[in-house]
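One structure is given below, encoded as C-alpha cells.
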C-alpha cells in the first residue's frame with residue numbers, strides 16, 4: 001500500500017553466531033525474561049527430603065542424642081553431642097533455604113532473602129548457646145515445666161543475683177534466639193511460596209513421594225511450633241498463605257506441586273497442634289506454666305513433667 005512504510009526484517013544470523021536476545025523486561029532486580037512469568041518447576045523431592053531428614057536428625061534429635069549418649073563422652077563442661085548437631089543444623093539449613101529460593105520459578109527479592117538468612121544464622125547461633133546450657137541443666141535436676149525462679153536448683157543459688165543471670169540466659173534462648181531464628185525461617189518459606197503458582201491445572205498435583213513426605217514434614221512443624229512457642233508467627237504465616245491462594249485463584253492461578261506440599265503440611269500441622277492442646281487441656285501443672293490465652297505446652301516440658309517421673313518410677317522397681 002502506498003504511504004505505508006515497510007518494516008525491514010532483521011538480517012538472518014550467520015551459522016554459529018549468537019542469536020539475538022529475546023524480549024527483556026525490567027524487573028525488581030534488573031532484567032527479567034518474559035517467559036519466566038509462568039514458568040513452573042517440578043516437585044523438589046531432593047530438597048524436601050533433605051529438609052525433612054536434617055530437621056528430624058539435627059533439630060529434633062539433638063536433645064535426644066544428648067540424653068541417650070553416655071555422659072562420660074561429653075562432660076558437662078564441654079559441648080554435648082546435641083551441640084554438634086545444632087552446629088551442623090546452623091550450616092546446612094541456610095544452604096538448603098538458599099537452594100530452595102534458587103529453584104523458584106519466579107524472581108524473588110534477593111536482598112530480603114539474604115538479610116533473612118543472616119538473621120536466621122544469628123538467631124540459631126544465639127539459641128545454640130542458650131539451649132546448650134539449659135539442656136545440660138537437666139542432668140543437675142532442672143525441670144523445664146517450671147519457670148526459672150521456681151526450679152529447686154535455682155532457688156538455692158547464692159548470691160541471688162545469679163538467678164537474674166539464668167533468667168537472662170533463658171531470655172536469650174527462648175525469646176531473642178527463637179525470634180531471630182524462626183521469623184526469618186517462616187519469612188523465607190513464605191517468599192518461596194509466593195512463586196509457587198501456575199495457570200496449568202495439570203501442574204497442581206503432588207506425586208506419591210510428596211504425599212509420603214507430608215506426614216514427617218507436618219509432624220516436624222508441629223514440634224517446631226510447640227517447642228519454639230511460635231504459634232502466633234505460624235498462624236499469621238498460614239493466614240497469609242491462605243489469603244495469597246484466594247487472591248491468585250481470582251487470577252486463574254493455582255498452586256504447583258511444591259506449593260501444595262507446603263500448604264497442606266501447614267494444614268496438617270494445625271490439626272496436630274489442636275489435638276495436642278485438647279489432650280493436655282486439663283493438665284493443671286502445665287496450665288500454671290502457660291497461663292496466657294494461647295495454651296500450647298512445650299513437648300520437653302511435658303517430658304520433664306511426666307516422662308521423667310515415669311522413668312524414675314521404673315528404675316525404683
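Residue positions begin at 1 at the first shown residue.
Using the three backbone atoms N, Cα and C, a Cβ is placed for every residue, glycine included.
Model, not experiment: these values are computed from the prediction.
Here TrEMBL flags 1-31 as region 'Disordered'. Summarising the annotation, TrEMBL assigns transmembrane segment to 47-69, 84-101, 113-130, 181-200, 230-247, 259-281.
Comparison of 47-69, 84-101, 113-130, 230-247 by number of C-beta pairs under 8 angstroms to the transmembrane segment (259-281) places 230-247 first. Highest Cβ pair count under 8 Å relative to the transmembrane segment (84-101), across stretches 47-69, 113-130, 230-247: 47-69. Residues 80-83, 85-86, 88-89, 92-93, 96, 99-100, 103, 135-136, 138, 209-210, 213, 216-217, 220, 223-224, 258, 261, 300 of the same chain sit 6 or more residues outside the transmembrane segment (47-69) yet have a Cβ under 8 Å from a Cβ within it. Here the transmembrane segment (230-247) has long-range neighbours at 178, 182-183, 186, 189-190, 193-194, 221, 224, 255, 262-263, 266-267, 269-270, 273, 294, 296, meaning same-chain residues at least 6 beyond its ends whose C-beta is under 8 angstroms from one of its own.
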